Amino acid sequence: MDLPNNETSDAQHNKEINKNNSVDIKDKVPLEDVNCKMVKEKEDKNPDLTTKEKEKDTAKIEAGDPLLGASDSTMNGKAGEYEVAKRPAPMKYLMAMQSLLVFAYFCVGISTSFTGASLPDLRMRTNSNWEEISRALVGRGAGLFIGAAGGGYVCDRFERHVYALLALAMTLEAIGTTAIPLCPWIWAMLVMFVVQGLCEGLLGAGSAKLIFHLWGKKASPSIYAAHLAFGGGAICGPQLLRPFLGTHVHASKRKNNTSEFEVGSYSGNISVPMVSSYLGNRTEISSGYTIVGFHNMTDGDVDLSTKMVPGDDSTIEYAYAVGGALSVVCTILLIFAQCATSKRPLDIHKEQKSTRGKDLRSILNPGTCAQGNTKFGFLMFIIMFFFFIHLVGGEWVLDKFIFAFVSEGRVHMEVDEATLLMSVYWGFFTGGRALGIVLSNWVKPLYTLSVQMIIHLTAGIVLSTEACSNKTVVWIMICLLGLITGPYFPGGMNWANVYLEMTGVAVSIVLMGSSCGGFIYQWVTGMVFQQYGLDSFTFVIVIDAACVIVTFLCLNLVARRQGSRFKKRPVVEEISEKTSLGQPEIEDELDCYMRVTQV
């Protein structure tokens, strides 16, 4: 018995697709209500469909298959609701683009890690104190704030030129990185840090957009791979910088009118006061470092108070130039990628967002992210903003000031050991982020964050009491801090996603809080260093951990009253809500739901 004409054409079309193994997908995946409507139209058009074919279509709805076995002619006829897709990108193309984005994050990781290890040298080059150099570091947070706020809109506005925008970002990264060590004034260095922050903000917005478009629902491993690449670059950065750092000299003790110095490979001048029972009689030894000692006893071992000013043997501009050159290489590759993809639609896996009720007011309304509860969403936004200020601010303090603390504080590590500690810290930071990926599959974000905060506070307290007397304790605690701060940010995002829908507005709140925390904490830490010395670094860690715990407790108290947004609700209730919002096609959705439940 012959099949009806419509059914025959569908069967032949599906057979041809399977034969050629070239299934087409849409540029934009329709919403579930569009899927349901397509199935209903197909049944109306082909009333003789078998039960097996209906079950097959229903299974495709559950799996999120955008095609639903429909023909190209049917999809073309619905151009008003979704667009017809191009051929899926080959895996080689996807892997090449993903590798390019990973390389971009690797370059940014290298350039970012330079600052912490070279901060004493940068302070010398600008002839500034700790408070003044910390003002320059504020620039990176300000640039990140601007880049995060505007980067998303720019990438959406010019979505066919995102690779070109990323090439612009890496160009800014190359300029900022190369120019930072060449700036003789604080304000000039501040401008270069702003440029570097702009790059990071634009890169974060553009790369996330590209990864989601390239991989669709399978984008999670690719997102984590990019952030892991950042950590990999940060591991390599201090070791690349190490041969170009200036020499650090420590005056350790005065023993029977003899000063002992811990000196590496040193060339420069040192002014040392050799005093027996009064101040005076300054002896010039060779004037890169000035070490001022005070002694009012004639015998015994007496600790000297030291004032360190790094010498002029630093050549860190060469290491920064290497980081800038890597960014230039990445820029060239991104330009080639833009040329190669100019004829390929970007929206390979992009989901089409419903525009119904999505005016500017509803987009900015906190209730949009909080299941319609505006008061709850507004309160969560405020507390989340302060939570991420402390969460990310403490992370940036560790990144920028560990090297100064261990090399110029009372810990007295040599340059080689201090740079090795920085690399190990970034290694544990990256390992912690990878461990967070694994644990997120089995452990709730609430539990992982709680354990991390307890370890954070404990490590800060131990450093405050034992750091100056035991280098082993410093190594263990710094590595532990790297391990728990690595997954801090993604863990905080995962926790927030349980109670809020992480829309563009919600993510912007998180990023703005993070950038504010970066420049506030760095500025305050510089002021504390200037007033109380470098050993106050440990107390900054303790205060930061306490603030993180307090704000997280406030978040939990507010969130638990609302409950998880993933709580199951009756379908009839959901449909009634849509009816109250004036959304049509409720009968189609109900019909589709009933068919799925029957299967």
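Backbone N, Cα and C atoms are what each Cβ position is placed from, and that goes for glycine too.
Keep in mind that TrEMBL annotations are predicted by a computer and have not been checked by a curator.
Features reported for this protein in TrEMBL:
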type	residues	note
COMPBIAS	10-24	compositional bias 'Basic and acidic residues'
REGION	1-24	region 'Disordered'
REGION	39-58	region 'Disordered'
TRANSMEM	93-117	transmembrane segment
TRANSMEM	137-155	transmembrane segment
TRANSMEM	162-180	transmembrane segment
TRANSMEM	186-211	transmembrane segment
TRANSMEM	223-241	transmembrane segment
TRANSMEM	318-337	transmembrane segment
TRANSMEM	376-398	transmembrane segment
TRANSMEM	418-439	transmembrane segment
TRANSMEM	446-467	transmembrane segment
TRANSMEM	473-490	transmembrane segment
TRANSMEM	502-524	transmembrane segment
TRANSMEM	536-559	transmembrane segment
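Simply put, out of 93-117, 137-155, 186-211, 446-467, 473-490, 473-490 has the most Cβ pairs sitting under 8 Å from the transmembrane segment (418-439). Among residues of the same chain six or more beyond the transmembrane segment (137-155), those with a C-beta under 8 A of the stretch's C-beta atoms are 115, 162, 165, 189-206, 209, 396, 400, 504, 508, 511-512, 514-520, 522-523, 526. Taking pairs at least six residues apart, the transmembrane segment (446-467) and the transmembrane segment (318-337) share fewer than three Cβ pairs below 8 Å and do not count as touching. Long-range neighbours of the transmembrane segment (376-398) within the same chain, counting only residues 6 or more positions beyond its ends whose Cβ lies under 8 Å from a Cβ of the stretch, are 141, 365-370, 425, 456, 481-482, 485, 488-489, 492, 496, 499-500, 506, 509-510, 512-518, 520-522, 525, 537, 540-541, 544-545, 547-548, 551-552, 554-555, 558-559, 561-562. With respect to Cβ pairs under 8 Å, the transmembrane segment (318-337) is most closely packed against 162-180, considering the stretches 162-180, 473-490, 536-559. The list of residues near the transmembrane segment (536-559) in space but at least 6 beyond its ends in sequence, with Cβ under 8 angstroms from a Cβ of it, reads 376, 379-380, 383-384, 386-387, 390-391, 393-394, 397-398, 401-402, 404-405, 409, 446, 449, 453, 456-457, 459-461, 463-464, 467, 481, 498-499, 521, 524-525, 528-529.
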